[in-house]
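Record features, source Swiss-Prot:
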INTRAMEM  340-364  intramembrane segment
INTRAMEM  742-762  intramembrane segment
INTRAMEM  1224-1245  intramembrane segment
INTRAMEM  1516-1538  intramembrane segment
REPEAT    554-820  repeat 'II'
REPEAT    1022-1319  repeat 'III'
TOPO_DOM  1-126  topological domain 'Cytoplasmic'
TOPO_DOM  178-189  topological domain 'Cytoplasmic'
TOPO_DOM  237-252  topological domain 'Cytoplasmic'
TOPO_DOM  398-567  topological domain 'Cytoplasmic'
TOPO_DOM  683-697  topological domain 'Cytoplasmic'
TOPO_DOM  799-1029  topological domain 'Cytoplasmic'
TOPO_DOM  1093-1098  topological domain 'Cytoplasmic'
TOPO_DOM  1140-1158  topological domain 'Cytoplasmic'
TOPO_DOM  1289-1341  topological domain 'Cytoplasmic'
TOPO_DOM  1401-1406  topological domain 'Cytoplasmic'
TOPO_DOM  1464-1478  topological domain 'Cytoplasmic'
TOPO_DOM  1585-1765  topological domain 'Cytoplasmic'
Amino acid sequence: MEERYYPVIFPDERNFRPFTSDSLAAIEKRIAIQKERKKSKDKAAAEPQPRPQLDLKASRKLPKLYGDIPPELVAKPLEDLDPFYKDHKTFMVLNKKRTIYRFSAKRALFILGPFNPLRSLMIRISVHSVFSMFIICTVIINCMFMANSMERSFDNDIPEYVFIGIYILEAVIKILARGFIVDEFSFLRDPWNWLDFIVIGTAIATCFPGSQVNLSALRTFRVFRALKAISVISGLKVIVGALLRSVKKLVDVMVLTLFCLSIFALVGQQLFMGILNQKCIKHNCGPNPASNKDCFEKEKDSEDFIMCGTWLGSRPCPNGSTCDKTTLNPDNNYTKFDNFGWSFLAMFRVMTQDSWERLYRQILRTSGIYFVFFFVVVIFLGSFYLLNLTLAVVTMAYEEQNRNVAAETEAKEKMFQEAQQLLREEKEALVAMGIDRSSLNSLQASSFSPKKRKFFGSKTRKSFFMRGSKTAQASASDSEDDASKNPQLLEQTKRLSQNLPVDLFDEHVDPLHRQRALSAVSILTITMQEQEKFQEPCFPCGKNLASKYLVWDCSPQWLCIKKVLRTIMTDPFTELAITICIIINTVFLAVEHHNMDDNLKTILKIGNWVFTGIFIAEMCLKIIALDPYHYFRHGWNVFDSIVALLSLADVLYNTLSDNNRSFLASLRVLRVFKLAKSWPTLNTLIKIIGHSVGALGNLTVVLTIVVFIFSVVGMRLFGTKFNKTAYATQERPRRRWHMDNFYHSFLVVFRILCGEWIENMWGCMQDMDGSPLCIIVFVLIMVIGKLVVLNLFIALLLNSFSNEEKDGSLEGETRKTKVQLALDRFRRAFSFMLHALQSFCCKKCRRKNSPKPKETTESFAGENKDSILPDARPWKEYDTDMALYTGQAGAPLAPLAEVEDDVEYCGEGGALPTSQHSAGVQAGDLPPETKQLTSPDDQGVEMEVFSEEDLHLSIQSPRKKSDAVSMLSECSTIDLNDIFRNLQKTVSPKKQPDRCFPKGLSCHFLCHKTDKRKSPWVLWWNIRKTCYQIVKHSWFESFIIFVILLSSGALIFEDVNLPSRPQVEKLLRCTDNIFTFIFLLEMILKWVAFGFRRYFTSAWCWLDFLIVVVSVLSLMNLPSLKSFRTLRALRPLRALSQFEGMKVVVYALISAIPAILNVLLVCLIFWLVFCILGVNLFSGKFGRCINGTDINMYLDFTEVPNRSQCNISNYSWKVPQVNFDNVGNAYLALLQVATYKGWLEIMNAAVDSREKDEQPDFEANLYAYLYFVVFIIFGSFFTLNLFIGVIIDNFNQQQKKLGGQDIFMTEEQKKYYNAMKKLGTKKPQKPIPRPLNKCQAFVFDLVTSQVFDVIILGLIVLNMIIMMAESADQPKDVKKTFDILNIAFVVIFTIECLIKVFALRQHYFTNGWNLFDCVVVVLSIISTLVSRLEDSDISFPPTLFRVVRLARIGRILRLVRAARGIRTLLFALMMSLPSLFNIGLLLFLVMFIYAIFGMSWFSKVKKGSGIDDIFNFETFTGSMLCLFQITTSAGWDTLLNPMLEAKEHCNSSSQDSCQQPQIAVVYFVSYIIISFLIVVNMYIAVILENFNTATEESEDPLGEDDFEIFYEVWEKFDPEASQFIQYSALSDFADALPEPLRVAKPNKFQFLVMDLPMVMGDRLHCMDVLFAFTTRVLGDSSGLDTMKTMMEEKFMEANPFKKLYEPIVTTTKRKEEEQGAAVIQRAYRKHMEKMVKLRLKDRSSSSHQVFCNGDLSSLDVAKVKVHND
């Protein structure tokens, strides 16, 4: 029977045994035996239960290993191949496609047995692939019907009944085949079938005409039929599984997000309740002005009402109106904080950054500008941190799944390798069994190709059967190690060979064993054959056909032509010429614009013909040179040929039809992609998109299904009311965004996926009469679509990027593009010419300056033969100098120190003098290109030195220079400054100045020669030393920082109001002069102290120098230098060189700049394609005719059809500032689309456009939306996420480069080190003593009990709920009740505070949480008192004090100890804070500089669009408010629009100060790139990195909390905090600990193994116990002893009194001593007994003599205890 448990794998039909009644009886017998074993609880007989095998799971394909399925057994019940199901009443069925299905062997529906003919028929139907395809087709057709049909009619119902019938039939077939619910593998046991069940149930309910259910709601369930596609396609199931896993992992993030959102919502509710309905009401406006819209003042050129406030910093009302509360809130009464629900929705909107700038502006106008800090917290903590944690979690979930898949693939590859090795091993064993070796050889020879045979022949390993011998074990150790790392591999290997005999020496070999051994070999043979077959590129017949017709070898003359052409076409210069043609052609394409003159059109037309001819010629010549067979095997050649043929078709079409506008003309832009061949980064981007699209195939289908479902759900639920004609007004006759049909519904869902959901939701609620269903559906689309699916997309993209980056970097080191090779040729030719010229000039110089060249040469040769003039020799001559700098090849010596010469002197003619101190040429005198740094790992990487210090390092052979250059590729993010900074630390700091000028300068110019020992120079040297000491002094640095801050602060006051304050203006001019002179003086001091050489070789000093030059130039009041005053805004940049935190971030940014610029260029090229396409599609079509009196009144196209008619009718023809009239404008338009700001106006104009200079019509060009959809997917999604990829990748590279300590530790050591690091900071604390006073003691017991804490927590939650229940429009009675409850809570928490102080006495104030509670109570009392006062009595809003009550909620945080996941997230935030603070500082600096520039350039811009009284560039505050808003790219289009209006939007009095629109575009685009794309992405990178670290830490076996709990338990056993407990108490202590440190009783023996040290009095120290318990959890490892000693030393430093307690014994030694004592006692007792017996024998016969009768009690032997204290 045991033989049947683990069936042998045969490579043929013997694997497949039909499932018969005997099979069922055998299963029942096995189940009975299993039950008997369980009853008898026979542990010896119990076996570990096998797991289901992954490759044999249901719905997977049967592995090829099992051979082909016999035709007669297809779709028939078979015995299960998986050993796991040996005692389950199941059988398996395989279809023709080898898909595995499992069924229960019990009766289906209690009627149909496994052998029933009807059930067998149903099984055959349900497993057939045609049945699955039929269901998929039905689902697709049904989806198409759902997307098209809207109204219910008889015609629509007929197909619905057909579909329902098909689904019911499918369910019936499956139920008859599987059973309904009771048994294993029955219909409802599969969760995917639950979906079918619900769909059918709802469909039947909707079919009955008399049913009372809501049919339209139930009909929306039909749409979930689309999910049936997932249940049929196995690949989709995997992706959905990954999605569900990521959702599981997101639980902690979601809980934390909801908690933070609730806090923000409560804060918002308390702060802004009833404030957003404040508006400017006109004076004397009727009886009820608060509810009359006509009484409200409106914004200029807008339908919005003016919002105002009465507090400091809020917006005042214009003359003729007053600020008062009304009944109307903004955005159709949907934006408000009047209750918790609306407040929560508003905060969710801010967190998702959807139209948040609108809410931000509304709050600041009504409440005051100081509430900007509330938004800073919500945006940075909520939006940036929590939403990016979602990204981090999803990325980790995806990567984890990816690792598992990779591990499985690796396991299979290893299995093939094992197979290759096993084949050879089995030969000897099979021969020993009596199998002919020749037959085996013939089998192998016939089965494998020569390549494989060679591979097999090269391996010599011991036989698989010789496991007993040591040699066999040794040889197999490697593979066993590999296998042990992967249990799946081990399992599969076992399955291959589990029943092979182990005993080789058994003479009577079982024939079955021999058969098994043979089958194992044949399986491996078949497997290898299949693998080879799989790896073959194409069929042999195809290859023959191709070589016959597609390889042209006609004649020798033809071959000569081919050879010449091949040489020409594959030459790098040809590739360079083609690339130049592509670039020129791209320029030609980009030059096209609206209203071109005829000459330019002709030039572009001819150019197009020429380039088409060139590309066609290139294609033809390459085909001739390479043959079609080889030409079309390369992807780029195929692409080139497609582009060339399309261009040719375009030219022919234009020539024949005289129509210059065709779709083919738009396809010319594909030529731009030809650049990717010679541009590696563009190539990488295209590869990433290609790989991602390939890998994302299944995910794209899932996303499509999700979008389809939501589109149809929206259409079904809201389509009747939420349509284009709902709420029609004169201003907005038709709605653009609605769900009237599938196309518009899809666009709404797509817009939500782009992040814009709130405006659509308002429209839906307005049309659906405020239905909450709108909120539910739209938030669901946002959460499911945006947060989960798109984040998985991003995770995949980042993963593709990092993989591609790895591949690309490896290729980049070895291969160059042909264009690079061609450029290298030019570079070499130029270098050769330059060198020849240099040599020629130097020869002439030497002849003039050297009258005795022979003697000079001889003298040089005598002293140092290699000291030739460095500039005059070629590279080769430096090879001979290697002996001077390196002891041997590749082994660098210590750096050569600079010779401390007192004399800066050179020999005649610039030759260097030789000295007894110098050995050879000094490194400082070599040309700059030879100053190179040998990498510390001795790999021959060379880099040019450009550090500040004189680091003269060893030189390597310059022959490797080209290799080094290629390694430092354009994508390299190596920060050389970091390396040099690390090296500089090793060099002792100089205490005196460097030389003033470079040596080369001193040698060639006599005026620069100085001698420190001679009189004029001694004074100079002393002055320099004094200056050096001054600039190096810490006070000097502090003073300069102070001056920088003051000078930056002074710039704030230079705003638009300065001319009206002459005193301030005068003071600022004076301070500006002082600051300039201070900076000038500092620069001169540094020149004198450091010398020009050192000063001008530092990048920071250059920055200081340029800023000082700008400051000096701005002092000269020359008209031509007026613009330099603006550049003083760069002055705060000096702070960068002074603050270390910002320096670190800047270094990280600088190191990423090459990669960022590369990606930026690639994005520009990628966008150029869409720009050119946009210009072709929309140029000249955005203009429209308007009625000049009303800017918003667009005229109908039936009245004014075109521009000429508009001009005739005296109307105005208006073209939007952002359009597609040329490529420059197109770039700006696409940036607005990519950032989703101002994109709706652009899309509306595109969709309404008809033809050039024609009046647009509503949605005349409806499918223009698709252009923007495609651009957003490829241009925005892929390219902008590439920025995140680059920066994260750069951060990872930097960490690898700098994080050295972990490299030298094993995984066990790392875990131990982390644990030690955590516990090293902890020590036991003395518990608070219980008071002696009875009353105090009672209160003490009360406040320290757990019940008290739970009650207080309950009260906090109750208080939070009551605060949530408050609303703005609540009745007075309810308000009064809430006030009383609030006072009651304040009283309760005050009493809690007082009784704690009473019970805990002074110890109360030693706990941080208690202090926090105390502060909250005091503030609550103050806020309660303040809120009683009237608003008029105080000058600040009392709402500010009501917020203080919310701080009480913070106490809940101390009770979330059980929520480990949330703690991890908060820990990640804490770890991120230092880095985030530095990034925040840098962002503030950027904002500060841009604010100053903004004040200089845009202070006179007329108000309009996004520029108003509060948000403007007139003052520093207004500028910072605007810049904070556009840090998230929000609303930057509204700030830019007024500035694009150039002169007409300037104030008439200040035309001179009005800037060009181009400056505004550069200003905003550069700020968005710097802040939004770079700094914010650095923020994301830090969070991702720290989240990974925090997750790793949380997954450590021991965390901070484990150590804290250890010490909490310790306090109970050590109330005096002596750090010692008695050995007798150790057992109870160890048992009282929680897992994983707990050592459960009985634990005495485990303490002996731990060998714990004890001190006098049998006491144990806490650290010794903790070390031992930690080692027990982590496991002992080599190398931990050193670390343990190190950590003990660290602890002893922190706790010096431990040194007084030196351990005198250990638990093990004590046990040994006790055992020794017991042995001695026993021996002594035996000795005494023997002595007594002897004495009794020899005793005299005298009767009065008495002895002890053998009773040893009087000797107290048993009580003797040996103490060795």
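Note: Cβ is positioned from N, Cα and C throughout, glycine not excepted.
If you look at the topological domain 'Cytoplasmic' (1464-1478), the same-chain residues 6 or more away from its ends with a CB under 8 A from one of its CBs are 252-253, 256, 385, 389, 1141-1142, 1144-1145, 1453, 1579, 1582-1583, 1586-1587, 1589-1591, 1593-1594.
Note: the stretches the intramembrane segment (1516-1538) and the intramembrane segment (340-364) are in contact (3+ CB pairs below 8 A, sequence gap of 6 or more).
Here the topological domain 'Cytoplasmic' (178-189) has Cβ contacts under 8 Å with residues 58, 88-90, 102-104, 106-109, 126, 171, 197 of the same chain, all six or more residues outside its ends.
Away from its own ends, the intramembrane segment (742-762) comes close to residues 147-148, 331-332, 334, 349, 352-355, 707-708, 710-712, 714-715, 719, 724, 774-775, 778-779, 781-782, 785-786, 790, 1236, 1262, 1265, 1269, 1272 of its chain (Cβ-Cβ under 8 Å, at least six residues beyond either end). Listed by sequence, the residues of this chain that lie at least six past the ends of the topological domain 'Cytoplasmic' (1401-1406) yet keep a Cβ under 8 A from its Cβ atoms are 1328, 1331, 1414.
The DSSP breakdown of the topological domain 'Cytoplasmic' (178-189), given as helix, strand and coil counts, is 4 helix, 0 strand, 8 coil.
The average pLDDT computed over the repeat 'II' (554-820) stands at 80.
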